[in-house]
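One structure is given here, and the rest of the page talks about it.
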Amino acid sequence: MDSGRDFLTLHGLQDDKDLQALLKGGQLLKVKSNSWRRERFYKLQEDCKTIWQESRKVMRTPESQLFSIEDIQEVRMGHRTEGLEKFARDVPENRCFSIVFKDQRNTLDLIAPSPADAQHWVQGLGKIIHHSGSMDQQQKLRHWIHSCLRKADKNKDNKMSFKELQNFLKELNIQVDDSYARKIFKECDHSQTDSLEDEEIETFYKILTQRKEIDRTFEEATGSKETLSVDQLVTFLQHQQREEEAGPALALSLIERYEPSETAKAQRQMTKDGFLMYLLSADGSAFDLAHRRVYQDMDQPLSHYLVSSSHNTYLLEDQLTGPSSTEAYIRALCKGCRCLELDCWDGPNQEPIIYHGYTFTSKILFCDVVRAIRDYAFKASPYPVILSLENHCSLEQQRVMARHLRTLLGPMLLDRPLDGVVTSLPSPEQLRGKILLKGKKLGGLFPPGGEGGPEATVVSDEDEAAEMEDEAVRSQVQHKSKEDKLRLAKELSDMVIYCKSVHFRGFPSSGTSGQAFYEMSSFSENRALRLLQESGNSFVRHNVNHLSRIYPAGWRTDSSNYSPVEMWNGGCQIVALNFQTPGSEMDVYQGRFLDNGACGYVLKPAFLRDPNSTFNSRALAHGPWWTPKRLNVRVISGQQLPKVNKNKNSIVDPKVTVEIHGVSRDVASRQTAVVTNNGFNPWWDTELEFEVAVPELALVRFVVEDYDASSKNDFIGQSTIPLKSLKQGYRHIHLLSKNGDQHPSATLFVKVALQD
């Protein structure tokens with residue numbers, strides 16, 4: 001069972017020159033610094049899933065010399081990472097390439113012996129990444145099982161002894177009783193050679209991957225027949241799956257897409273294999289397929305949307321000593337983030353730098369960050385990117401900043417009001433492909449004094465401090481002598497159009513005018529929570545026409561996060577989180593912005609866009625938002641849950657928790673029992689029930705943990721889905737890793753019902 005050959009044949013790549021070169025392997029120069037370049041051997045393994053890298057480190061385990069292609073975010077040709085930009089300028093770009101990983105491990109910067117070798121690696125890896133992504137769940141499952149078989153086949157004779165079979169089951173994360181394993185082994189060993197080969201391994205594979213819960217559901221739908229007719233499939237789609245579009249057209253399109261048997265397809269029928277393929281596909285996912293594209297109205301003012309926003313975007317770790325990196329900006333943009341933070345200070349050689357002021361975090365050039373933003377701003381979404389500037393620079397270096405922004409961003413930069421948009425904020429659609437600046441500004445929407453205006457003006461203490469998040473920095477600003485006050489360069493000020501940073505002076509009372517529509521304030525999480533507690537409805541109304549930015553409290557020097565949900569419930573749009581810090585807060589954040597095609601903008605519910613709204617999440621009364629639902633989740637089973645610690649021999653003991661995040665009365669959590677020693681196909685079949693009063697603000701988080709009686713449970717995987725995007729019926733939930741990346745085959749099988 002050669003999974004690599006299977007993979008190549010499946011995608012017609014068996015004669016591909018690039019992949020042949022990678023399977024053969026070759027020497028590459030690994031680059032770490034100006035003085036550290038070492039030759040190392042790299043080779044694509046036969047499973048076409050992993051790369052082996054030579055290591056000279058003492059005590060290195062064989063597993064640690066492998067990395068999975070599934071962990072690769074991107075392969076870049078040329079000097080396109082900080083490492084190669086700094087340390088390989090002497091080598092032609094066409095020999096240099098970098099492997100950038102999804103998680104927070106270091107980028108692998110490499111130099112090939114020739115341009116042709118570099119091309120083989122870049123194109124070859126690109127093909128595997130592309131084709132792996134296009135495999136359906138059944139193909140992924142088969143490919144994964146084959147690679148586990150290869151690992152277990154210690155003597156490489158393509159046969160499976162009973163001892164190797166036990167190793168194989170451990171690889172699969174399943175503890176099977178020896179007598180049961182021996183029983184299956186004997187059933188499959190037709191040749192009675194005390195080893196399994198070829199068809200015998202296939203038979204074993206089929207017994208292992210049989211899913212009784214799917215068999216049961218299929219039998220119910222067919223009335224115990226071998227296949228589903230179009231009418232039976234329509235009935236299943238209507239009554240179980242609650243599909244609004246259920247009808248013969250949808251049923252036939254599912255048969256066409258997922259039925260592997262040409263005979264069944266010709267007879268307009270679906271077999272059990274086709275049924276499983278459908279349930280494992282995007283059509284059978286718990287997340288509404290229609291919400292994977294932009295489907296909301298994108299023509300409303302910016303203040304009517306939640307905006308995916310990052311705090312201290314330049315950091316990869318904590319705020320005191322962590323590294324700053326342009327890579328952090330690229331990661332945030334690739335995750336759909338639309339508001340980035342740039343903490344700007346004077347740097348050497350008249351070049352502004354970005355870092356966390358008065359700390360030991362490393363420094364990066366402002367121009368390098370702007371270049372990275374230019375290159376990646378619109379890869380994940382076409383909608384506007386807001387650059388939140390925290391400006392500590394001298395006049396001279398502010399002018400350098402303005403010059404870099406203008407020359408590097410060119411027409412992407414919004415540097416004047418849009419025609420006719422002078423009384424309210426423009427919409428995401430009007431700002432498509434544009435980069436906006438948020439920062440201090442002299443005067444109103446139009447530059448003061450035209451051409452002959454002042455060259456620079458002193459900014460008020462309050463407006464300058466309004467932009468400074470760090471309390472130490474803010475108090476320094478407020479105690480500066482007159483000569484040291486921040487003077488703002490007109491060139492930079494004129495680039496701030498619709499996002500002028502101002503000090504928040506309170507909600508206007510009747511008859512007093514508040515902020516201009518293009519003025520916005522920033523609030524620490526504590527101040528925002530206080531405003532929500534004391535004036536929740538006023539905050540909601542303020543946020544109908546004005547943008548509000550929320551940032552983490554100053555004490556969070558470890559870059560921990562706060563819950564964004566309460567801020568969203570108050571209508572706050574730019575709720576900035578530390579994207580570099582995984583955890584439940586980022587899980588919920590990613591879940592919220594998975595909606596609307598993951599474009600980084602999600603339309604707020606109507607009651608958070610109404611200037612006369614009476615909504616207050618802290619004092620919930622009846623209103624248009626009050627549409628109570630009963631949510632019933634039956635957690636049936638799990639599939640291919642990953643090992644928590646790959647170096648441990650232990651098998652996971654999984655349990656599932658389902659959480660509701662929303663207004664405080666809706667917040668709830670229920671859990672299943674623990675299944676011991678089975679991460680491969682655990683079975684719970686447990687019903688969990690919830691009452692949800694404000695479904696438009698609710699998110700459902702499914703968390704799988706490895707139970708540990710003596711310490712904190714280990715995280716295995718999770719998925720967070722807005723309740724409005726959660727599909728009913730029998731569904732698979734595709735689990736994400738701690739860093740928010742998709743586990744290739746890990747799923748939960750559930751049945752969801754939602755009733756008024």
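Note that Cβ sites are derived from N, Cα and C of the backbone, with glycine treated the same way.
The Ca(2+) 4 site recorded in Swiss-Prot includes Ile651, Asp653, and the single candidate from Asn632, Asn645, Asn677 that the record places there is Asn677. Swiss-Prot names Asn312, Glu341, Asp343 for binding Ca(2+) 3. Of Glu262, Glu390, Glu396, the residue it gives for the same site is Glu390. For the substrate site, Swiss-Prot lists Lys438, Lys440, Arg549; matching the candidates Ser522, Ser524, Ser535, Ser563 against that entry yields Ser522.
When the CA atoms are compared, the recorded positions lying within 10 A of Lys159 (Ca(2+) 1 binding site) are Ser195, out of the candidates Asp189, Ser195, His356, Lys438, Lys440, Ser522. Other residues of the chain with a Cβ within 8 Å of the Cβ centroid of Ile651, Asp653, Asn677, the Ca(2+) 4 site, are Gln175, Ser650, Val652, Pro654, Val675, Thr676, Asn678, Gly679. A gap of 6 Å separates the Cα atoms of His311 (active site) and Glu341 (Ca(2+) 3 binding site). Note: the Cα of Asp189 (Ca(2+) 2 binding site) and the Cα of Asp157 (Ca(2+) 1 binding site) are spaced 16 Å from each other. Counting only the Cα atoms, the space from Glu341 (Ca(2+) 3 binding site) to Asn677 (Ca(2+) 4 binding site) is about 45 angstrom. Summary: among the binding-site residues (Ser195, Asn312), the fewest other C-beta atoms within 10 A of the C-beta are counted at Ser195. Reported as a whole number, the C-alpha separation between Glu200 (Ca(2+) 2 binding site) and Glu390 (Ca(2+) 3 binding site) equals 65 Å.
Secondary structure of the domain 'PH' (21-130) per DSSP, as helix, strand and coil residue counts: 35 helix, 37 strand, 38 coil. Ranking the binding-site residues Asp157, Ser191, Thr193, Ile651, Tyr707 by Cα distance from Asn312 (Ca(2+) 3 binding site) puts Tyr707 first.
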